[in-house]
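Below is one structure, written out as structure tokens; comments come after it.
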Amino acid sequence: MPAIVLIGAQWGDEGKGKATDLLGGRVQWVVRYQGGNNAGHTVVLPTGENFALHLIPSGVLTPGVTNVIGNGVVVDPGVLLDELKGLEDRGVDTSRLLISADAHLLLPYHVAIDKVTERYMGNKKIGTTGRGIGPCYQDKIARIGIRVADVLDREVLTHKIEAALELKNQILVKIYNRKALDPHQVVECLLEQAEGFRHRIADTRLLLNTALEAGETVLLEGSQGTLLDVDHGTYPYVTSSNPTAGGAAVGSGIGPTRITAVLGILKAYTTRVGSGPFPTELFDENGEYLSKTGGEFGVTTGRRRRCGWFDAVIARYATRVNGITDFFLTKLDVLSSLETVPVCVGYRIDGARVNEMPMTQSDLHRAEPIYEELPGWWEDISAAREFDDLPAKARDYVLRLEELAGAHVSCIGVGPGREQAIVRRDILAARP
């Protein structure tokens, strides 16, 4: 059976949690393959209960699904334990959550360095969440990181943390004038936290590949979005990992030939959190409308998201770099009651029309959107469950976005609830 990748096709916050939740009842495994608690998924159950998840895969809310925090994720132990407790206090069974032995641990010195660095950068800062994600990935690449499996051996763990803090404390004290961290305290705190998750540590690569060989279906859930990818995003205003489809194989240990479908999540308009270029950003009453009606505030940071019209240039780019086979278009209901809905179909850069993603960031910063005006609709579409239930103008909008983005819009979100979705093509049944 297949492995299916679910990725954000914009700058994150597209509604990936809703998509995972919709598919979750028909897959056996849900895997988070990159990122950390710098991203959030919101899932609204049919009961009206609202769950905000940061580290734990959205499949935890679906009974019978085994959830995996993959080797590509950076795990803050305190956040993990708090999130588990929050779920368990609300009656959610978390017994089927596993953590890759090779995932990296995010520790207090990562957070400290992240925060002081952003403060030091001032107006030149990237706009990170300040949760230590970047510094943790830096340690991973520098080969001085702490892996989840290290908590199983006190001696190894102590040696690694002492070695890491020799450098980190020099940075904190001599560059940023902060207090040094005590390696003994860091070790003891981590070992105490590990008591709450050591039973979840597993060789998840082996388990996932064995599951695929046994005919089970694996859903690989990315966090953030394509334009935040460290290689393919709007660098340097990006995250420190690869949310794109290629990162799914690396961050889970599943071979790329196992992946049979890539589901891109697209919001019916565009949002972004933090600094960086955003050609269709709105600063008028339309931006206010999208922000207020769409509830555009970050799940993790609480920061207000920047809002703009749908950008077909970045949608096409996402289709290309991810090999997207299907789209899930979310928040179509937010656009109801607009007289017209502009869609960016290209850019004008220094007087010349550009239809594809600019090669340089300086060009993207200068890009002016070229809009195609589509007629809006006034009807409430939140109760639509079939494509034909939508007003004709809403259907036309979806079909035009499908044409511009270059892949089939297989699902459409018309509200925050699990059941508020239209399925035009069954993602799982359509796969070989």
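Every residue number used here counts from 1 along the chain in the order it is shown.
Placement of Cβ uses the backbone N, Cα and C atoms for every residue, glycine included.
As given in Swiss-Prot:
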ACT_SITE  Asp13  active site, proton acceptor
ACT_SITE  His41  active site, proton donor
BINDING   12-18, 40-42, Arg305, 331-333, 413-415  GTP binding site
BINDING   Asp13, Gly40  Mg(2+) binding site
BINDING   Asp13, Glu14, Gly15, Lys16, Asn38, Ala39, Gly40, His41, Thr129, Arg143, Gln224, Thr239, Arg303  IMP binding site
BINDING   Val299, Thr300, Thr301, Gly302, Arg303, Arg304, Arg305  substrate binding site
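The structure, with features from Swiss-Prot marked on it.
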residue : record                 : DSSP class
Gly12   : GTP binding site       : coil
Lys18   : GTP binding site       : helix
Asn38   : IMP binding site       : coil
Gln224  : IMP binding site       : coil
Arg304  : substrate binding site : strand
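Here Arg303 (IMP binding site) is compared against the recorded positions Asp13, Gly15, His41, Thr42, Leu332, and the shortest C-alpha distance is to Asp13. Comparing the residue listed as 'active site, proton acceptor' with Asn38 (IMP binding site), their Cα atoms are 12 Å apart once rounded. Per-site Cβ counts within 10 Å over the binding-site residues Gly12, Gly15 peak at Gly12. Counting only same-chain residues at least 6 apart in sequence, those with a Cβ under 8 Å from the Cβ of Lys18 (GTP binding site) are Thr42, Val43, Val44, Phe328, Thr330, Gly413, Pro416, Arg418, Ala421.
Proximity to Arg305 (substrate binding site), judged by a C-alpha distance within 10 Å, picks out none of the recorded positions Asn38, Gly40, His41, Gln224, Val414. Taking only the Cα positions, the spacing between Gly15 (GTP binding site) and Arg304 (substrate binding site) is 16 angstrom. With respect to Arg304 (substrate binding site), the closest of these recorded positions in Cα terms is Gly12, chosen from Gly12, His41, Val414.
A gap of 8 Å separates the Cα atoms of Gly40 (Mg(2+) binding site) and Gln224 (IMP binding site). Here the CA atom of Gly12 (GTP binding site) lies 11 Å from the CA atom of Asn38 (IMP binding site).
In the shown protein chains, 25 other C-beta atoms lie within 10 A of the C-beta of Leu332 (GTP binding site).
If you draw a 10 Å sphere around the CB of His41 (active site, proton donor), it holds 26 other CB atoms from the protein chains shown. Secondary structure at Leu332 (GTP binding site), taken from DSSP and collapsed to helix, strand or coil, is helix. With respect to their backbone Cα atoms, Val414 (GTP binding site) and Gln224 (IMP binding site) stand 21 Å from each other.
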